[in-house]
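Shown next, in structure tokens, is the structure this report addresses.
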There are 2 protein chains.
Amino acid sequence: MQQRVLASQLAERAGETVRLQGWVHRRRRLASVTFVVLRDRSGLAQVVIRDPETVELVEKLGEETVVEVVGKALANPQAPGGVEVVDPTLTPLTEPAETPPIELWRPSVNAALPTLLDNAPTTLRHPKLKAGFEIASAAVQGFRATLSGLDFTEINTPKLVESATESGANVFAVDYFGKPAYLAQSPQFYKQHLVGVFERVFEVGPVFRAEPHNTGRHLAEYVSLDAELGFVQDHCEVMDVCEQVVVGMVSAVRERAAAAVELLGVELPSTGGGKIPVVDFTEVLRMVGAPPDEPDLAPAHERAIGEWAQAEHGSDFVFVEGYPTANRAFYTHPRPEEPRWSRSFDLIFRGVELVSGAQRLHRYEDYVAVLRERGLPLESYASYIDAFRFGIPPHGGFAFGLERFVSRLTGAENIREVTLFPRDMQRLSP
Amino acid sequence: MQQRVLASQLAERAGETVRLQGWVHRRRRLASVTFVVLRDRSGLAQVVIRDPETVELVEKLGEETVVEVVGKALANPQAPGGVEVVDPTLTPLTEPAETPPIELWRPSVNAALPTLLDNAPTTLRHPKLKAGFEIASAAVQGFRATLSGLDFTEINTPKLVESATESGANVFAVDYFGKPAYLAQSPQFYKQHLVGVFERVFEVGPVFRAEPHNTGRHLAEYVSLDAELGFVQDHCEVMDVCEQVVVGMVSAVRERAAAAVELLGVELPSTGGGKIPVVDFTEVLRMVGAPPDEPDLAPAHERAIGEWAQAEHGSDFVFVEGYPTANRAFYTHPRPEEPRWSRSFDLIFRGVELVSGAQRLHRYEDYVAVLRERGLPLESYASYIDAFRFGIPPHGGFAFGLERFVSRLTGAENIREVTLFPRDMQRLSP
């Protein structure tokens, strides 16, 4: 049988007989001619039908019916892509499709978010909704490629865990063969332990947060991009890897998801031609005129430092380092000379926090001390901290959510728009 | 500061002063000299110490202490790799390590599996245990690279699901904001729906099986490698992609995990120079002299057909196609001309089933019919089958477990040996 040609390849086939397969994206019946726009994974193709029997057949096949089209590819400057298919034989590959929940052929998505999410298996076909996931797929490839190139090993750590240790709250409980278990909120402890095995590790996998928040930024399940590396001097090497990763992800999106970027009109971010600027936490407070004892940056502060980075460095990114130790996770490494501040950082992207990272504690005694200091029960953390008795090198890492990255990149108003099948307090299906 | 040199790079640095970092893998004190074997992510390096103060320091630092060594790289044909480090300055980067649960420097792993698993964060450092995960990491890269090259889109589907539909049994229940939810046993339904969006999709992610079996082959959580593609004629195109994927994974292991392959003495499999042979299910029964109405292949049958493939085709792999429809998942596509048999296949690797796949049903009415026929409640499957009203092309796919692939490749006796932190009826930590 003749090889299938994709819509995007049609331009090279003018003059040939071609076989296309795809969905009836749109039908337009005029007096003397009917147009079918065929959609496949590569894009759209225009099919011109004059034969009355085929016109009648098309009448019966609603939008989204899957069809095969065999016809002649003909150059036509008016057709999208410059080539259309004429004199087609059209064969349905499925039953006529029912009317989809939204009109997928419209250039814009005209439906409320709940409608889109309730009918996700079908609504995701809209080119503008699909584009976000093409960007996500490319971004993940960039994440992995960058870290693999830096000699990181990919790991898969368990999502079923014995105790709800990292935060102690907001965990989902599981009935595990009659015993209690929890869904992992992050691979944090595992990736630190595995620095002792592989030195440099990364993981792409789901994490679970039972946060009772119903905002446009929260998901109960998301894809966490995690990296951790050993033999660092301090958090600066971690920031350096983080920068390479984010730059690599943007490059991968540019190269592998060009059509999606164009369709959504995404302006890809830049570091302004140099290294991402780094500003100390206290300096940010000073710059924005906030009191010097603020425990964290407020959204307004992040916006302000984002604007500064854009104005001063032409960079969409800025690192803030040295957050107050008391306000970061207990495993964060303090500055030895001034332990009130930590060797931590956030990467601010266009005025909003994107990535969090830090050097971590690596000495067993330091863990014992900090758990005592924070009033956390040593027993609960025994299996985590015990591993540090056997030589874990100085290390650090970072993590961020894939959906967050994509939503900030595409400017999605709600993170659910860039999540295939989002999970939240109200939503567990489809 | 001088750049760190890895053990594997030492051979190129003879004559230079080098800075190494790693773990004290082994110490050997002779009368006039002490040897330290240093381990880093790339391998082992020999350090020769004559200076009495450094010898004394090494006495105090147990195996697994993390150290930095600055010394002169000197060619010595007797040293591993042909170059050793002499006259070193040795600086501990951690406290002296406690005695590890197993002697990591011994060439073989001499400990019972429970000991290894209980102390996984440390025991995984043994080069022979670690090697299995280097192979796994390379194999996953091969899986993704092959499918990306075939224009598949990577997806991330939710692991928290509303109903326990696919098998109805052996699911883990989750307390989801006070409502019942379950952990996904596979991304099967989602990947089929997403064929309607992306045509070709794959996913690498955890799946959860609450199977009350305590064997060397069962895990309660494992990494599933899933692929699904649309616009197929039948299952043959699915088998073709499956073959490319498996061959691509073996190539990736050969290229990216060569040291691990050598260390474990893995004999990488071959297809015998041609395509993987395909045998019909009924033909296998005939060849092994089994009754023609057997519902499935017994392990002995799989072994026999594996031997046949090796003897006749020099292939470590053989496809068996056309399993009885009644014995496969309800969404399996029957042979239209003979619906007792299905358009399904298994890939047998060295006499054991590795991959399962099939063409799936794609017409809504076919789903309604098969659910009725099998006495399954339509309501439970409503959101799954409803999507087929809107034009899902003929499609098929396959799935297999990463740990199973690696264990069959390395010849691990127990699948837990190639799982970083296995989960089973008894084990939920570390």
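Using the three backbone atoms N, Cα and C, a Cβ is placed for every residue, glycine included.
Noted in TrEMBL for the protein shown:
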type	residues	note
SITE	A:Pro80	site 'Important for tRNA non-discrimination'
DOMAIN	A:134-430	domain 'Aminoacyl-transfer RNA synthetases class-II family profile'
BINDING	A:Glu166, A:Arg209, A:Ser356, A:Arg360	L-aspartate binding site
REGION	A:188-191	region 'Aspartate'
BINDING	A:Arg209, A:Ala210, A:Glu211, A:Arg217, A:His218, A:Leu219, A:Glu353, A:Gly401, A:Leu402, A:Glu403, A:Arg404	ATP binding site
**Study point:** Cα-Cα distance linking A:Ser356 (L-aspartate binding site) and A:Arg404 (ATP binding site), given in Å to the nearest integer
**Key:** 12
Practice item. Please list residues from the chain of A:His218 (ATP binding site) whose Cβ is under 8 angstroms from its Cβ, counting only those at least six apart in sequence. Key: A:Arg209, A:Glu211, A:Ile415, A:Asp424
Review point. If one measures from the C-alpha of A:Leu402 (ATP binding site) to the C-alpha of A:Ser356 (L-aspartate binding site), what distance in angstrom results, rounded to a whole number?
Key: 13
Practice item. Filter the binding-site residues A:Glu211, A:Leu402, A:Arg404 down to the ones with a Cβ under 8 Å from chain B's Cβ atoms, keeping sequence order. Key: A:Leu402
**Study point:** A:Glu353 (ATP binding site) to A:Arg360 (L-aspartate binding site) - Cα separation in whole Å
**Key:** 20
Review point. Could you give the Cα-Cα distance between A:Pro80 (site 'Important for tRNA non-discrimination') and A:Arg360 (L-aspartate binding site), in whole Å?
Key: 54
**Study point:** Largest tally of Cβ atoms lying within 10 Å of a Cβ, found at which of the recorded positions A:Pro80, A:Glu353, A:Leu402
**Key:** A:Leu402
Revision key, fill the gap. Should one count Cβ atoms within 10 Å of each candidate's Cβ, the binding-site residues A:Arg209, A:Arg360, A:Arg404 would be headed by A:Arg360
**Study point:** Cβ contacts of A:Ser356 (L-aspartate binding site) (under 8 Å, same chain, 6 or more positions away)
**Key:** A:Ser344, A:Phe345, A:Asp346, A:Leu347, A:Phe398, A:Ala399, A:Phe400
